[in-house]
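> Quick one: this structure, given as structure tokens, is what I'll be asking you about.
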Amino acid sequence: MKLPFSALTLATGNAHKVQELQTSLASLGVPLLSLRDFPDATPVVEDGETLRDNAIKKAIGYAQQTGQWVLADDTGLEVAALGGQPGVRSARYAGEQATAQDNRAKLLAALLDVPQAKRSARFVCHLAIADPHGEIYCEAIGECGGRIRDEARGQYGIGYDALLEITEYRRRLAEMSPAATRLIGHRGRAAQRLVRELRRLAAKH
């Protein structure tokens, strides 16, 4: 596969996310950098109205700053009983400085009177790649659905992963190994689709 880039920079410094994406995208056969390799990069404000807005804004913003091909993502938890909240504000659901525990506590408080049978939810991950000029080259989306449980469980994952039980496995996403998460998790599925899209585009040239 002939890719238009010889390296790809991940628009994050989050070690967990970097490790997951590096493994999921290993088949591309190119070095994967992160924002830790560009300490002078100015954070891009995530003020979009949708996950796609934020992914595209980050990809373009960091590509223009670094002069690199950049892969950005934005991920959110959408709870049906809450009208799709917290959605694009998932990371800041309980406030700008909220911890993962704060966000989980607010979510459970919001669902206090909602029966388990009506707590369906899904993680959505949107990926976008921008070239060094700030033009979007391709995008992909991945989803992972289940139900919100009251008790946090699991040693893997971050944030709401400990509350979302994957229906077909009857386990929290955070209870599943990294290898399993790469196959059925939202970011893993988005990465798989991104690779397929890159292969499709490469075949056209």
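Even glycines carry a Cβ here, placed using N, Cα and C.
Sharing the record's features from TrEMBL:
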- D74: active site, proton acceptor (ACT_SITE)
- T12, G13, N14, A15, H16, K17, T75, H186, R187: substrate binding site (BINDING)
- D74: Mg(2+) binding site (BINDING)
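Help me picture where these features are in the structure shown.
According to its DSSP assignment, D74 (active site, proton acceptor) is in a strand. Cβ neighbour count for D74 (active site, proton acceptor) (all protein chains, 10 Å cutoff from its Cβ): 25.
According to DSSP, N14 (substrate binding site) is assigned to coil rather than to any helix or strand. Within 10 Å of the C-beta of N14 (substrate binding site) we count 14 further C-beta atoms, all protein chains included.
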> On a count of neighbouring CB atoms within 10 A, which of the binding-site residues H16, R187 is highest?
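The residue with the densest Cβ neighbourhood is R187.
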> In sequence order, which residues at least six apart in the same chain have a CB under 8 Å from the CB of T75 (substrate binding site)?
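The answer is L51, S90, F123, V124, C125, H126, H186, R187.
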> Measuring Cα to Cα, how many Å separate D74 (active site, proton acceptor) from T12 (substrate binding site)?
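Checking the Cα atoms of D74 (active site, proton acceptor) and T12 (substrate binding site) gives a distance of 10 Å.
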> Near T12 (substrate binding site), which residues of its own chain have a C-beta under 8 A away, given they sit six or more steps off in sequence?
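Long-range Cβ contacts: V18, S34, L35, A72, D73.
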> Can you give the largest Cα to Cα distance in Å, as a whole number, for the residues T12, G13, N14, A15, H16, K17, T75, H186, R187 that bind substrate in the record?
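About 19 Å separates the two most distant Cα atoms.
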